[in-house]
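In what follows, a structure is listed as C-alpha cells, so that the remarks can point back to it.
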Amino acid sequence: MTGVWRHDNTVELLENGEAFFPRVFQAIRGAQHEVLLETFILFDDEVGRELRQALIEAAQRGAQVDVTVDGYGSDCLDEAFIGGLTEAGVRFHIFDPYPRLFGFRVNALRRLHRKLVVVDGEVAFVGGINYSADHLASFGPEAKQDYAAELRGPIVDDIRAFARDVVQRGRRRRWPRPRRRGAASGPAGQGAVLFVTRDNDRHSTDIERYYRAGFRTAQHDIIVANAYFFPGYRLLRDLRNAARRGVRVRLILQGEPDMPVAKLAARTLYDYLMSAGVHIYEYCERPLHGKVACIDDEWATIGSSNLDPLSLALNLEANVVVRDRAFTADLRTSLERLMQRHCRRIVPQQGVRRVLRRLWFGVAIYHVLRHFPTWASLLPSRPPRLERIDPPSPAAPADESNHE
C-alpha cells in the first residue's frame, strides 16, 4: 500500500464549499513560495474566477504556482480563462486532454479525479470538493453536500512530494525548499495521518484495501457516506461480516442524485446488505457528493475516491486516512446530524418471496455491472499525458514601413 503513517498532525474537517473555499483561497493569497493544486473540475464561475485571481496574485508575488486539471472534467475552460493564468506565470497543466468528437466528450475513463492543494509546504487540503459554484448552498437545490480536510504537520511533506512528482515527471525543474520545522511547518497535533492514492500501476487497490482493513477491525460502529456506492464483492462482504458480528453499520447514500444511474446501481445492493443487518439511509436534502467514513472512535477517511468501479478500478484518486479522536468525532457528529435531519431510513421489504426475488435480481444485476472495468480495459487506450499550456504568444507589431 502507498503511504507511511505520519504523527503529530492537525486535521480539521471542512464541510461544503462555505467552509472549504475561504480556507483554500486564504492559504493561496498568503503563499510566498509555492502552490500546487490538482482538481477534477474547475469551472469559469464565481468560485473558479475567485480561485483564478488568487492564483494569479500568488504567481505575481513570485510564488511557483502549478495547477493541474483533468481534461474531461474541466474541458469547458476557454483560452481567455487559461491565458490569464499563464500570462501571470502560473504553470497550467491538463491531464490527458482529448478533443471532443462531434461535440461529445469521449475520454471519460481513467480520469484524474484527485482534489489536492499544497501551499508553501505548510498546509494541505484533501477531499472531494471541486472548484465550482454547485458546492455552495446558494446554488440552489442541486448544490452538493461534500467534505474536505485541512492538514498541517509532517503529512504535508508526503502530499507535497506526490503533487510535485505529478508535474515534474518528464522534465527537470528546480523546486523551492519548504521552510521546515520538524517534518513540515505548522503546529504539532495528535493526529496520525496516512496519505494514500490509487493509480493504474502499483497502487491500483490501495484505497480499497484501507477501507477493507478498517471494516475488518471495527469493534462497534461504522458510518460510510459515499456518493457513488457500487463496490466490489470483497468490500461488501466485509461490511456484511461486520454487521453480523454486532458492529452497527450505517451507510448514507444518494437519495437525490445528480446521476440517477448511481442511485439505481446502489439500490440493487440494498436487500443484500440489509439482510445482514446493515442500516441504509438516503440523503434527500440535495445531491450527496461526499466520500468519507468513520469507524469506532478514532479512524476516519476522507478524499476523492467513491466506492464504485470508476474510482476503485479506473480513476486516479487520493484520500487521507486519519487516526485522531477529535477529527473522527467531528465527522461522526456531522454524519449523524445528516442522518437525523435530512435522510430517510430504508426499511427492508416484507414477504419472503418478494425479498428473495429482489435479492436475486439485485445480485444478478450487480454481477453484470461489476464487469464494467473489465469491459473498459478492452477499449483502445493510450498512455495518459500531462500537457502544459504555454502563455499566449505576444501579438506581432504591425508593419508600419509603408505608412506616412
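Any Cβ shown, glycine's included, is placed from N, Cα and C.
Just so you know, TrEMBL annotations never went through curation; they're auto-generated.
Sequence-distant contacts of His113 (active site), defined by Cβ-Cβ distance under 8 angstroms and a gap of at least six in the same chain, are Phe40, Asp70, Gly73, Ser304, Ser305, Leu310, Ser311, Asn315, Leu316, Glu317. The active site annotation in TrEMBL covers His113 (among others).
Positions annotated as active site by TrEMBL: Lys115 (among others). Residues near Lys115 (active site) in space but far in sequence (CB under 8 A, at least 6 apart, same chain), listed by position: Glu38, Thr39, Phe40, Phe125, Val126, Gly127, Gly128, Ile129, Asn130, Ala148, Gly303, Ser304, Ala318.
What TrEMBL records for Asp120 (among others) is active site. DSSP assigns Asp120 (active site) to coil in the three-state reduction, outside any helix or strand.
Under the heading active site, TrEMBL lists His289 (among others). In sequence order, Gly128, Ile129, His135, Lys144, Gln145, Asp146, Ala227, Asp258 are the residues near His289 (active site), counting only same-chain partners six or more apart with C-beta under 8 A.
Using a 10 Å radius centred on the Cβ of Lys291 (active site) and all shown protein chains, the other Cβ atoms total 28. According to DSSP, Lys291 (active site) is assigned to a strand segment. If you look up TrEMBL, you'll see Lys291 (among others) marked as active site.
What TrEMBL records for Asp296 (among others) is active site. The Cβ of Asp296 (active site) has Ala218, Gln219, His220, Asp221, Thr328 as same-chain neighbours under 8 Å, each 6 or more residues away in sequence.
If you look up TrEMBL, you'll see 108-135 (among others) marked as domain 'PLD phosphodiesterase'.
Averaged across the domain 'PLD phosphodiesterase' (284-311), the predicted model reaches a pLDDT of 96. Here TrEMBL flags 284-311 (among others) as domain 'PLD phosphodiesterase'.
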C-alpha spacing of Lys291 (active site) relative to Asp120 (active site), in angstrom: 27
Outside the domain 'PLD phosphodiesterase' (284-311), six or more residues from its ends: residues with CB under 8 Å to it: 13, 40, 109, 111, 113-115, 126-129, 135, 141-149, 196, 198, 207, 210-211, 214-215, 217-231, 235, 252-258, 262, 265, 317-325, 327-329, 331-332, 335, 341-344, 369-370, 372-373
Folded-back contacts onto the domain 'PLD phosphodiesterase' (108-135), same chain, C-beta under 8 angstroms, at least six residues removed: 14, 16-17, 20-21, 23-24, 27-28, 30-43, 45-48, 51, 63, 68-70, 72-73, 95-96, 142-144, 146-152, 155-157, 159-160, 162-163, 178-180, 184-186, 195, 197, 200, 227, 289-292, 302-305, 310-311, 314-320, 376, 379, 381, 384
Cβ packing number for Asp120 (active site), 10 Å threshold: 23
